[in-house]
Amino acid sequence: MSMKKIVALIFGGKSAEHEVSLRSAKNVADALDKDKFTPVLIGISKEGSWYRFPDMGVFTEATKIVDSALPSKAEPVALMSLQGKPVLYSLKDHSKTAVDVAFPILHGTMGEDGTIQGLFKMVQLPFVGCGVWSSAAGMDKEIMKRLLAVAKIPNARYLLLTPHQKNDYNEIVKELGSPFFIKPANAGSSVGVHKIKTAEDFVVKLKDAFQFDTKVLAEEFIQGREVECSVMGHNHAPKASLPGEVIPQHEFYSYEAKYIDDNGALLKIPAELSPETTKAVQKMAEQTYQAMGCDGLTRVDFFIRPNGELYINEINTIPGFTKISMYPKMWEASGLSYKDLISQLIQLGFEKFEGEQSLKTSYLD
């Protein structure tokens, strides 16, 4: 009988989505098949420090991890490579723990943007999810839109705003119409996203958006249904779930609607779409997955206009795994249980790593 694999569940992080990450991580830890895997819980504080936690108590003791008020039994650790093998090194007692695979559940910056994926590759640790460049491109909404344009995949029109240029409300309205949205290029969970209706509102809300990124997109408002689709698999063979629909009860699907107001949105899973529209959503989700170089998992978000036209809103390379998160729910509606989903995602991580290990890293040998 094969030994159980040690899975490092990594959560928290120096991100505006830190608290959401802890909620996701608890659900993944609960769903992990303990007959196949042994979890190691690694929380990254809001300051960027790494800690190992001995049990699930971390999720009940705190909604966030901060260096000044750590949950009990937090052990400072570092991820490193020793003799070509990835290990967790204790900064407390200098012990070393072997790790077989990482499951990053880090939403937003310093986790979903390719940074930690680069660390995993440096220490030769298999990991769940997209690689460095697809994570970075998926996180940056402007780069995502450029890649989708090359692939001729429709998405909302936009303008790029920076702090160093004149950002004129009237020019934006002339180009995109009114109302329009502004959103930080590198943020998720609707952090810093605002619907703009007046010049006065634009000044205030743009200042808020620039708190989260140095690039902000002004994006046209698309009147239509908000539909999402889960995708998993290797880049050459993606598989899409049945779509689900989000019906916001706020003006749009804001951070508050997602995570604070229990009645912030209605979720219909599967979405009530015609068979033809369902297939079109699944096909475009898979095309987007491939165009963005995704591997492992991604959630693809759509707008559907009243005339049936599909537009990509964005992709999420580490989608939420909270109680209300669409990614696992859409797979459950498609016949894949939460536990089996997690197991398959881990297996995909191992397969991707094995394929990369077969590549040569020396030219003269």
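Residue numbers in this text run from 1 along the chain shown.
Here the Cβ of each residue, glycine as well, is placed from N, Cα and C on the backbone.
Listed in Swiss-Prot:
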- 173-228: ATP binding site (BINDING)
- ASP301, GLU314: Mg(2+) 1 binding site (BINDING)
- GLU314, ASN316: Mg(2+) 2 binding site (BINDING)
- 145-347: domain 'ATP-grasp' (DOMAIN)
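Annotated features, which come from Swiss-Prot, shown on the structure.
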residue: VAL173; record: ATP binding site; Cβ neighbours (10 Å): 16
residue: ALA187; record: ATP binding site; Cβ neighbours (10 Å): 26
residue: HIS194; record: ATP binding site; Cβ neighbours (10 Å): 22
residue: ASP201; record: ATP binding site; Cβ neighbours (10 Å): 15
residue: ASP208; record: ATP binding site; Cβ neighbours (10 Å): 15
residue: LYS215; record: ATP binding site; Cβ neighbours (10 Å): 18
residue: ILE222; record: ATP binding site; Cβ neighbours (10 Å): 18
residue: ASP301; record: Mg(2+) 1 binding site; Cβ neighbours (10 Å): 20
residue: GLU314; record: Mg(2+) 1 binding site; Cβ neighbours (10 Å): 20
residue: ASN316; record: Mg(2+) 2 binding site; Cβ neighbours (10 Å): 23
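For the domain 'ATP-grasp' (145-347), the model gives a mean pLDDT of 92. In the three-state DSSP classification, ASP201 (ATP binding site) falls within a helix. When the Cα atoms are compared, ASP301 (Mg(2+) 1 binding site) and HIS194 (ATP binding site) turn out to be 18 Å apart. Within 10 Å of the C-beta of PHE180 (ATP binding site) there are 24 other C-beta atoms, taking all protein chains into account. If you measure from the Cα atom of ILE222 (ATP binding site) to that of ASN316 (Mg(2+) 2 binding site), you get 19 Å.
ASP208 (ATP binding site) sits 21 Å from GLU314 (Mg(2+) 1 binding site), taking the Cα positions as reference.
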